[in-house]
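Chemist: Here it is, the structure, as structure tokens.
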Amino acid sequence: MKIKFINYLLLFFIIFLNYNGFVKSDCYQELDLVLSNSCRNGPSKLVIHESIYSFESIELTPFVQPKLLNYYSWDLQDGINYFISYRYKNCSNIISKPFASKGMYYKLLAEPLCLNTYIPVRVYNWGAGGIEYNFYSVPSTIWVNSQNGLCSFQSPISPQSYTKGVLNDGALKFVGPTCGFKNGTITIDLTKGYSNYHLFLQSDYLFDNEIQPSSEGFYNGLESENYSLFVDSEQCATERIEIYMKDVFAPLEIDFENVPDLFHNSTISLSLSSGNNGILNNTNINAFVIQSERLLTDWNHVQTQITSNTYYGYAYNKDFSTEAGQTKCVYSETLLFDNYSPNFNFTISKSESCLENVSITFYPLPNQNIKVYDYSSESGIPFSMKDNVLSVENNLNLWIFDTNQNYGIVHSTVFDIPSYKIIETSNGIGCWKTYNITIVNYENYKNLRIHFYNENSEFNFYPVEGVFINVPALYYYVTYNAGDCETESYFVIDKLDRNTPMDNVVLEFNTLEIGNCTHETSFMVTVKSVFGSYSKTMQTFYDKEFTIFLPNCSCQINGIYVAPRLIDGDSLIYELLTDPNCNSTDTLIRFTSPSQDYSISSVYQNGVQLQYYNNLNGYYISSGENNITVNYEGDQYCYRTETITIQSVYEVPLVQITPVSDCRNPNGKIEISNFQIFYNLELVFNSNSKPINQGFIENLASGTYTINYYSNQTCINSITVYVPSSENVAEITTSVISNPTCDNGPFSDGMIRVALKYEGNQINNFTIQNQDAEFTYLNDGVYPIAGVGVNSLTISYLSCIWKRDITTVLNKPSFTLEKVFNDTCDLQSVYKLVSSNPNIEIDYIDSSNGFSYLNNYYLVFQNSGDFGYYVAWNSRCYEYYTQQIIMDNYDRDSNVKYIDYEIVKPDNCNSLKIDLIITNMNKFISLTIENKLPTPINSTHSIFKNLPPSKSYDILYTLLNGCVAYQTVGIDEFKSGFTKETIDIIKTSDICYSGKASIQLSNLDFDNYYYYIKNSNSLMGVTDSYDSIQPQQSGNINGTILLSNYNPGSYKIYRGCKSMANCYLETNVVIESEDPIIESISVTDSYDKLNNGTVEIKLNYNSPYPINFKIIGTQLSNQNGKFGNLTPKTYEVQVTLTDRMCPVTLSKSFTINLKTSPPTPSPQDPSDELSTSSFVQVNLLFLSILIFTIFIF
């Protein structure tokens, strides 16, 4: 009994020593605090290299979340004094210690009130001490390098107001000097609350030499330099304004005495806007026009060719000398000539027969070289013309091209175009829609059909009595033969819709034949949809993404077929190179690929990949039955599999394991049933060996052991066995504290909690380890590096080990960029990185545009676009992200328009000069168009005079706050032409899709202009087809012409000038189809009691089909709309149209009134009286003869 007690005492002492291996023996030992200071993109850090298992508790004040690795790490904010408090394991005392990082940080010594407020900034830990900077022009970022240049920081600053300040409220104005002179001025309006102004050259870095004002708030005599102006105000404190004083030139005016046109000379005159009385005049400067490449001796009536490359200006020596090589002042402007097309004047002559050619006569402009091609042909050979007359057949698309302008238009010689109506007949969405398409006067067209191409297939739909019924959404080619045409014509109706709602779509796959290394797998996919089922057979070696275009509609179905692994049915080709022997139970085997087209990519034995030994040219496989899979790769991937049995020369131990059931007194056991056949057996654990006598060994702790077995005295081999722990003695519960936020292999940033009870008691001092890793954690049951998926953990306590698989899922954060301040002008835009998961700790951003400050992370952008950046977080995660950045700065694509303007067009083409008036000039420092300066009118208005015609003008402007950008003007104004002229248009709408609409044009001048009508409907497969309007058409009286028989659609009426390129007019006309209406009801009232009222109903449409008129409540009905013998009362007439294009019913009320006497007859002319008198005399004679005859008989 005494010996047993001593044994228990020794066991307790051993356990106590093992437990306290994790406990500090010195409870008062101070920690070694390792501080790393922030430098460039990394924050300051505190690291403690002591094992995390040494502490009962540890914490920073102010609180900072630690990063748990095998040690503690914290990210710190510079400028904060911290305390660290900690208590060692098995100790009761708490130790506290102050510390602070020494990374650089700053404090603003003044508030950034306005954009240009001058701000003193104090930077700490810059070197041995601090340093002060003066900062201005916010929003921007402070960027400071340390004294030794090894570290830096960057931080965003934005002002409290973007709208206040000496620039924004117009209190500061400056005018640059005339080139070569010192007459620049700066004016400060002190009445707006400004004072204490000081001016320096920017090159005066120490601000020692102040420039004195000429008078209060006014500087004069300034030369072209860069200046720094300091101005004080209550609203913005001290502002620092950078003024770039540029040379100013007197605007040069150009007067077009005839309109600029391509490829021939124009006449221009030049003058200075300041006249000849200013500093500069035509006697001391030299003007030039660089197209003629000469200086002008006379500025008036200059003959020169003008193109879009023409520029003009003037130059002079700064001292007005005539010596060569002196410093020059040069001013130039570019002519914004933008030739407007089309510029083709032609007339068309067509026959009533389609078999006769179309004759087209062209009237070229000067220097115009016209070629005509077949638009649908790929030959590139133009048609031959004689004397500018072209004869071509009907139903062609012609490409009319000017080789000098490098521009062309399309004209279609289609013989006849059917009218049609399209009505949706389904309630579907997207490509599931269906339509009825009705062709007007379909009897006039032969071979009507809808031709449709879908993927590599063709489909045709045919009409029933001119109606294509329930046609799916398509891009229709409606083909036909018109009249006596032998050539087929077509027009296009676009009802294509790629939106494929998948709610009612089912994909079914059927593998028809599994492939092998040389033949693809064949499968069939069946699409079940609202249009029925459709099947398609495909072949593939791999997983296949596919798109199926359903027949007869525009729906395309996307899917993916997961191909089975391709297995080769042949046997493996292999060779056994060695036999098992005493030194190895493995056999060296070599595999051969089935053909020279394939190579062996990998070999697996019982699901475990085998290592290839280059020096031996083979693989080792173990004795016994082996399921071998050999993977091949060539043009595709495939595999062969086979069972290979290797007979072992020697026996192996047959092992039976008894688990550990007592963690304090290990009682695991290994038994070997065939121990008699071995020469010797021994157990190896942690490099220590112990003999196995009588075939068993006991009192083992849980763990992995190696059994060495000797077949004879010299032949030794080994096997590995694992002794588990009994599940009956422990209660283990696991839970996921947080899922990993990145998929970083088996070790990520997920956290798993493990709770252990042994013999009913809660256990705290156990370890957790991943079975595949060397990381061991004793952290109150927390495993902090869990990966995505299954985490195989071992839980160890005393002599016991248990295994658990815990599954986690990916909880990946998203990162977005949140704008810190608005981007303005050329200043940078700063965005802050924001995570969707506030619990993660960002480590750094890896980007050329990135920086961090005080544990916040930023990106800087100068323009719009898609930008990429890497983000690292939680010490273990790292990923690449992209985000689209759309800047709000000033550019021509911005929705913000700052320039208010008016465009004054000339009255007509005789003086084609454009004036552009700026009406808010007081909002800008400067405005230019290709260096051209406007002429001031007053404080708010200025004018660009005599601009050459162009589709638009790009104005370069500088706002009062210094922002420089472009704004494009004139696009909308010039769509209708360059003059104030108009074409008077009266249109009549189409009715019932009859194609009978008309367009009446007035104010036409066929002597000086030519006219197009541009059809924007898709015709012969081409949109924007041009047709010439010819003066010989009917209705051409006094400049008025009537265009008849037009279908519903969008048209443009275009007028071009016969003598110049840019004088055009363009007007949009939209024709819609309307239902008929009751145009009039003519009523004759009933008199006395005769019930003799009448009515006549007329429509605004003469249908070729019967129209039924019926008076409701009576038996009266007919097809001419005339009714008589009506009694006095109110009636309702109902009109029913049987027209197939618009089967509508109309109704309207009318009233027959009762009159007491007939209306007074209107006076008759003598011929009417004579006719009545003769009629009476004839009747009296006839009556006398009748009486006499009766008397005789």
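Counting starts with 1 at the first residue shown.
Even glycines carry a Cβ here, placed using N, Cα and C.
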Chemist: Look up N226, N339 in Swiss-Prot and give me whichever carries the note N-linked glycosylation site.
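Modeler: Of N226, N339, Swiss-Prot lists N226 as: N-linked glycosylation site.
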Chemist: According to Swiss-Prot, which residue among N938, N1125 is annotated as N-linked glycosylation site?
Modeler: N938
Chemist: Tell me whether N345 (N-linked glycosylation site) sits in a helix, a strand or coil according to DSSP.
Modeler: coil
Chemist: Helix, strand or coil for N436 (N-linked glycosylation site)? Use DSSP.
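Modeler: Assignment for N436 (N-linked glycosylation site) reads strand.
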Chemist: Can you tell me how far the Cα of N552 (N-linked glycosylation site) sits from the Cα of N516 (N-linked glycosylation site), in Å?
Modeler: 36
Chemist: How big is the Cα-to-Cα gap, in Å, between N183 (N-linked glycosylation site) and N226 (N-linked glycosylation site)?
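Modeler: That comes out at 15 Å between the alpha carbons.
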Chemist: To the nearest whole angstrom, state the Cα distance for the pair N226 (N-linked glycosylation site) and N436 (N-linked glycosylation site).
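Modeler: If we compare the Cα positions of N226 (N-linked glycosylation site) and N436 (N-linked glycosylation site), the gap is 73 Å.
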Chemist: In whole Å, how far is N357 (N-linked glycosylation site) from N436 (N-linked glycosylation site) when you measure between their Cα atoms?
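Modeler: Just about 35 Å between their Cα atoms.
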Chemist: Among N90, N345, N357, N516, these being the glycosylation sites, pick the one whose CA is nearest to that of N1092 (N-linked glycosylation site).
Modeler: N357
Chemist: For N357 (N-linked glycosylation site) and N345 (N-linked glycosylation site), determine the Cα separation and express it in whole Å.
Modeler: 20
Chemist: Fill in the CA-CA distance, N90 (N-linked glycosylation site) to N345 (N-linked glycosylation site), as an integer in Å.
Modeler: 103
Chemist: Is it possible to get the count of other C-beta atoms within 10 angstroms of the C-beta of N90 (N-linked glycosylation site)?
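Modeler: Step by step: centre on the Cβ of N90 (N-linked glycosylation site), count other Cβ atoms within 10 Å, giving 13.
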Chemist: Hey, does DSSP put N552 (N-linked glycosylation site) in a helix, a strand, or just coil?
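Modeler: The residue in question, N552 (N-linked glycosylation site), is coil (DSSP, three-state).
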